[in-house]
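For reference, the structure discussed in these notes is given below.
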Amino acid sequence: MIEENPDVLWLVVVGFIIAFVLAFGIGANDVANSFGTSVGAKVLTLFQACIIASIFELAGAILIGSKVSDTVRKGIIDVNQFNGSEPLAMAGAFSALTATSIWLIVATFFNLPVSGTHSIVGATIGYALVAIGSKSIGWATFGKIAASWVISPLLSGLISCAIFLGIDRWILKSSSPLKYGLIALPFLLFATIFINLFSIFYSSKEVFGMADFAWYVIFGICIGASLVISIIEAFGVNPWLKKKILAESESAEIPSVRFDNEAGKDEEKETDEKGTHNEGFEHASEANDEINQNGDTKNKETATITISHEEKKTIDTKPRSESTRSRTRSVLDSVLPEPDDSARSQIQDDPHSAQLFKYLQILTAAFGAFAHGGNDVSNAIGPVISLWLIYRTGEVQSTAQTPIWILIYGGVGIIVGLSVWGRRVIKTIGENLSPITPSSGFAIEIGSALTVLLASNLGIPVSTTHCKVGSVVFVGRVRSKEVVDWSLFTNIVISWVVTMPITGGISAMIFAILREVM
């Protein structure tokens, strides 16, 4: 029994500390992807996003997390290859934890959304190759995971595009967005609830006392529950919601940001060739920056900017020096098109439909957090689960189950990471990559959540980062190719490509050192 061996006790103690750091990094990076669109669309404040994450991330990790963590812990490598070499298996788990923690913290510092799944898989393969060689790798499982890394952003993007195009055609561009939005709301709510309930109940039948239920029984239960909720919404909530939106519209309380260029057209003609411009554009930019920085929807509600004759001012039109450029801008700016700010300013929802989709996006954000809890949270704490189980049992048991308290421990670390450092990657996903509105945010959330939940039920640890970024880029491209920051997207893709080699290399190096000193 390793439990009696003091030589490996330090691995367990330090490993759990590093596991919390890893969970912190996931919270700051990965979970930020789940709520980036909601915060970017000003549907949720960062504080509200943290509250929802605290509840649903933890619930997802507990209820459906063990299934995916077992895939990461047992499927990527053949753990039975370490039978008789349990201390080496513990050193490997420790190495994977440390390597993944380092990479996630570094990536978050540079505002890059990377995959916790990629990181932990790469780190696991790295130490396994040093310890035993290629025969220890479950290449069939790795092949499925590798394929999902390409398929998941494409599938998520296509699903989100299909949802958004339907919303755009039948609601946003209709003669009465409020009328048709209210008609569609119960159906959208039904689909959202059913998809998530069925996935949750079917994957965690034992937790909900449904172990003996056939799939079609669970299917019927979810249909019934979703139908009841949708009927209540249609006949109970819809009339109240319509009155609320119309009342807010009459009192000018519906959030709306518009840049009123009509007021300055006559004055604009009078500008001379020396660079005389309307100061209103500068004011508009400053107002928009203020909204983006503090994330307060109240500021956005009254941000109507007009350009008047009195605000005319001569400004220097020479290009600004390189020192004023964003530090995060890549050198690829010289060859890749920059996002068109004028096109971005035109990406907005009708105020009435924005109110409708605001509630749906909150719901999908909650389900997205649950999906993340069941997928990426459990992936990342796979090594610490291995570390603990080997220490407790003295054996590398592929049949040992994941303790719930470790899932809770990881969930707490993730919540702390999101609360303390989540704003960095939230801004990348929700604001910088492409502008998000409540309608597009809903399509992005439900498309990526559907993709992740389907993968979780199949036991395939896909990347929520890839799903979310794929949906943001696809929907942004459908709206207008000018509104996607392609240089930023290129940087994100590069960070994805180097994630596995970096974590694998760091993990292999740490393991090689530990093997010599143990």
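From the backbone N, Cα and C atoms, a Cβ is placed for every residue, glycine too.
Keep in mind that what you see is a predicted model, and the values were worked out from it rather than measured.
Listed in TrEMBL for this protein:
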TRANSMEM  7-26  transmembrane segment
TRANSMEM  46-66  transmembrane segment
TRANSMEM  87-110  transmembrane segment
TRANSMEM  116-134  transmembrane segment
TRANSMEM  146-167  transmembrane segment
TRANSMEM  179-201  transmembrane segment
TRANSMEM  213-232  transmembrane segment
REGION    257-348  region 'Disordered'
COMPBIAS  259-286  compositional bias 'Basic and acidic residues'
COMPBIAS  290-307  compositional bias 'Polar residues'
COMPBIAS  308-325  compositional bias 'Basic and acidic residues'
TRANSMEM  404-421  transmembrane segment
TRANSMEM  442-460  transmembrane segment
TRANSMEM  493-514  transmembrane segment
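Same-chain residues lying 6 or more positions outside the transmembrane segment (213-232) and placing a CB less than 8 Å from one of its CB atoms are 186-187, 189-190, 193-194, 197-198, 201-202, 205. Sequence-distant contacts of the transmembrane segment (493-514), counting only residues of its own chain at least 6 positions beyond either end whose CB sits under 8 Å from a CB of the stretch, comprise 91-92, 94-96, 98-100, 102-103, 107, 112-115, 118-127, 129-131, 149, 465-466. Of the candidate ranges 7-26, 87-110, 116-134, 146-167, 404-421, 404-421 contributes the most Cβ pairs within a distance under 8 Å of the transmembrane segment (46-66).
Here the transmembrane segment (146-167) has long-range neighbours at 115, 118, 184, 357, 439-440, 442-444, 446-448, 450-452, 455, 460, 462-463, 466-471, 473-475, 478, 496, meaning same-chain residues at least 6 beyond its ends whose C-beta is under 8 angstroms from one of its own.
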